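Before any comments, here is the structure.
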Amino acid sequence: MDDISTEADPYLPYDGGGDAIALQELPKRGSNYVMSNGGGVMSSTTHLLDFLEEPIPGVGTYDDFHTIDWVREKCKDRERHRKINAKKKESAWEFTKSLYDAWSGWLVVTLTGLASGALAGLIDIAADWLNDIKEGVCLNAMWFNHEQCCWGSNETTFAERDKCPQWKSWAGLILGQEEGPGSYIMNYFMYIYWALSFAFLAVLLVKVFAPYACGSGIPEIKTILSGFIIRGYLGKWTLLIKTVTLVLAVASGLSLGKEGPLVHVACCCGNIFSYLFPKYSKNEAKKREVLSAASAAGVSVAFGAPIGGVLFSLEEVSYYFPLKTLWRSFFAALVAAFVLRSINPFGNSRLVLFYVEYHTPWYLFELIPFILLGVFGGLWGAFFIKANIAWCRRRKSTRFGKYPILEVIFVAAITAVVAFPNPYTRQNTSELIKELFTDCGPLESSQLCQYRSQMNGSKAFVDASPNKPAGPGVYAAIWQLCLALIFKIIMTIFTFGLKVPAGLFIPSMAIGAIAGRIVGIAVEQLAYYHHDWLVFREWCEVGTDCITPGLYAMVGAAACLGGVTRMTVSLVVIVFELTGGLEYIVPLMAAVMTSKWVGDAFGREGIYESHIRLNGYPFLDAKEEFTHTTLAREVMRPRRSDPPLAVLTQDDLTVEELQGIINETSYNGFPVIVSKESQRLVGFALRRDITIAIELCYPTQARQAPTLCIGSAQAEPLLWILPEHMQSERRAGKNARRKQEGILLTSRVYFTQHAPTLPADSPRPLKLRSILDMSPFTVTDHTPMEIVVDIFRKLGLRQCLVTHNGIVLGIITKKNILAHLEELKEHTEPLASPWYYHKKRYPSSYGPDGQPRPRQHNVQLVTAFPGRQADEEESEEEVVNLLDGRGSTL
């Protein structure tokens, strides 16, 4: 028998990302050894196959509810790009393919913008129509809403422009009368009936067809963009059900908005279109660049603010935002806004319903009420976050969460019953914001604009200026707005989190707009009755328009939305694009920053980060600061009371032992060490890749005899070891690639470049080097955790190995870091004094009593030199107990 060849194999340079890189074989390369299949000895000179010479279906992909490896994905993309550049000069076809690959990013964001704009226009039109259905129907054309129905009527008056013979209320249609107690009760009943019907249909569709279609979607979008996998959350069914139920939820009158869910809808479009281009469908990191651009398009169509959408994607939702993603996000937002403008869903040639323009400048004194509105916004945001999270946590831990349909119906019933008597809560929330934003003028018939004329004291619809006192209509409207404010605050707390599509932008803006309008009217009347005060004398003369209540409503809306979400730059730009005036940026900035400061005083997390933490998503917030002095060894696993760390040796395991480790543990990956003696780190192997590799190479049941050959008729697929969604991948690749014949349960598994020296009667070994990440990220056990946290945030790591002099001690995962941060929040430790913290990073080895501190390596340790005296213990070398493939301590 000839010895095993140790001839070097040339292979492609390893990229450090853990990819399955194809190894190149030398011609006439071979290994001579004797194989035994359990019967007689059969000597043969065979060709040693390098397993994983070509890509395997499933290897390099991720399971559901797992985190992607950003470094590996970027390396895969660089390798793909190098291959394309190397081939594009070979032929015209390859050059065309390279051009297609280069332009695929712009194509996918163009398709995403087109679809987002079209769906947003459809949602706006349908929601407006269904909202008016609650009050009546257009006899001439049922598909017209109330405003469209009366456009062509010649029988409307200026004061009652919303009344026309073509539009019939339900009381007029059923009872034949428009006025009277009976008609009021009938309209009241029909309003509640339609509200409950829309809410029931929305929650039923979500529960039956697409459970992921509920909620705002922004917390999950942020988590997905950070690298988390939630399969189905951006799928076709979710998009369809979310679009339909969003219309129903908005029309039901619940205290919610459609702006937040539009971001989810746009990201669904981006995810679906990304599968048309291999550049994005096969790379999770590249796909998230498309999703960042899609979120910008979603905000663009939600508020008619393309630039604000780009900044929203950058500031609020994106985790990785390179420069080219900024350009594509801008282009996607542009395309989406253009499509929505072409559809013109509101009939006002604007992208949003509550677009306003102000012509009166603001004055320095008004910064005081603007800042007070910012304080109110911060207090509201802090109160809402705590109250809503407390209610959602109670819903999860009690029976409330088991009956989502009944909960939605109950909240919708209370909302409809309380909202109908008040005209400011009965109408659509977007229309309410429009009315509060709008400045009073000759064309406005709102109750908020009923000021008394100075000449005869009668009511007149005149400009709201400080030389006109407020009439009874204004005071009545203020009381109704106060009741509406209380109603909106309470119902928004219980509505956000229901199992229906529910956005938070519009309810928060409505609360702020109500408060701002009330403050604006108060300042306006104060300036009228006390125009001789010093603060008004210089700039507010009698007969001039110096106070604009609508501006206060806009500032209040921005402050409340900023207090809830903690947005700053993007929010100011969004509101600025709504008004189209540059001179109001300073009041907006003052109010938004004040709301953020006040809100941060009660808690630094916004509503979306709070819901991410409530749901337990592995999200490391880049805005959160790590100020503690803990070390990596205090966070790594295993701890002292945990079982020893499960590791793999690079050439000592058999297939049976490797399968035993996979069956007995639930870890997502295993460190690979050199041997039991050296315990030096070689690399890191993912559980999923090992599982797929073994199944494709040795598709037999683990309970079969060790001598069962892979080609035996009794062999059955190892589908028990794979998740269900991976079984199709395995079947797809089963016939497309050849298996290593002769692999048995007793076959040796090795992760080295060359096969180990084996006895003559040994079965063929299994080579798994190509699935080994030979450059895993490692830190020493004395690395400060603030550095480890920064590494995880900036590189998007899944795990990091902790070593001591090259010996692996443990592992730190993203979930370990999140758990550690939670522990620090619950048990805040006092920080060291600044001079001590900067002078000496690590705690002293000796305590206050002069005695050595106990070791805190959080792993099982034994001393290599137990015979030394106690005074030498601090300098003793420590050896880690590692668990090898046989379940014993190394």
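Every residue gets a Cβ built from N, Cα and C, even glycine.
Copied over from TrEMBL:
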type     : residues : note
DOMAIN   : 636-703  : domain 'CBS'
DOMAIN   : 772-829  : domain 'CBS'
REGION   : 866-890  : region 'Disordered'
TRANSMEM : 103-123  : transmembrane segment
TRANSMEM : 191-213  : transmembrane segment
TRANSMEM : 233-254  : transmembrane segment
TRANSMEM : 261-278  : transmembrane segment
TRANSMEM : 290-314  : transmembrane segment
TRANSMEM : 363-385  : transmembrane segment
TRANSMEM : 405-424  : transmembrane segment
TRANSMEM : 477-498  : transmembrane segment
TRANSMEM : 510-531  : transmembrane segment
TRANSMEM : 551-576  : transmembrane segment
Looking only at residues six or more beyond either end of the transmembrane segment (405-424), which have a C-beta under 8 A from one in the stretch?
188, 191-192, 195-196, 198-200, 202-204, 207, 252-255, 395, 432, 447, 477, 480-481, 483-484, 487, 491, 494-495, 498-500, 514
Establish whether the number of Cβ pairs under 8 Å between the transmembrane segment (290-314) and the transmembrane segment (477-498) reaches at least three, counting only pairs separated by 6 or more residues.
no
Under 8 Å, at least three CB pairs between the transmembrane segment (261-278) and the transmembrane segment (363-385) (pairs 6 or more apart)?
no
Under a criterion of three or more Cβ pairs within a distance under 8 Å and sequence separation of at least 6, are the transmembrane segment (233-254) and the transmembrane segment (363-385) in contact?
no
For the transmembrane segment (477-498), could you work out the same-chain residues 6 or more beyond its ends whose Cβ comes under 8 Å from its Cβ atoms?
203, 214-216, 254-256, 380, 384, 387-388, 391-392, 395, 404, 407-408, 411, 414-415, 418-419, 422-425, 432, 446-448, 450, 504, 507-508, 510-511, 514-515, 517-518, 521, 607, 611
Could you put numbers on the helix, strand and coil content of the domain 'CBS' (772-829), residue by residue per DSSP?
24 helix, 19 strand, 15 coil
Looking only at the domain 'CBS' (636-703), how are its residues distributed among DSSP helix, strand and coil?
21 helix, 19 strand, 28 coil
Model confidence over the domain 'CBS' (772-829) (mean pLDDT, whole number):
86
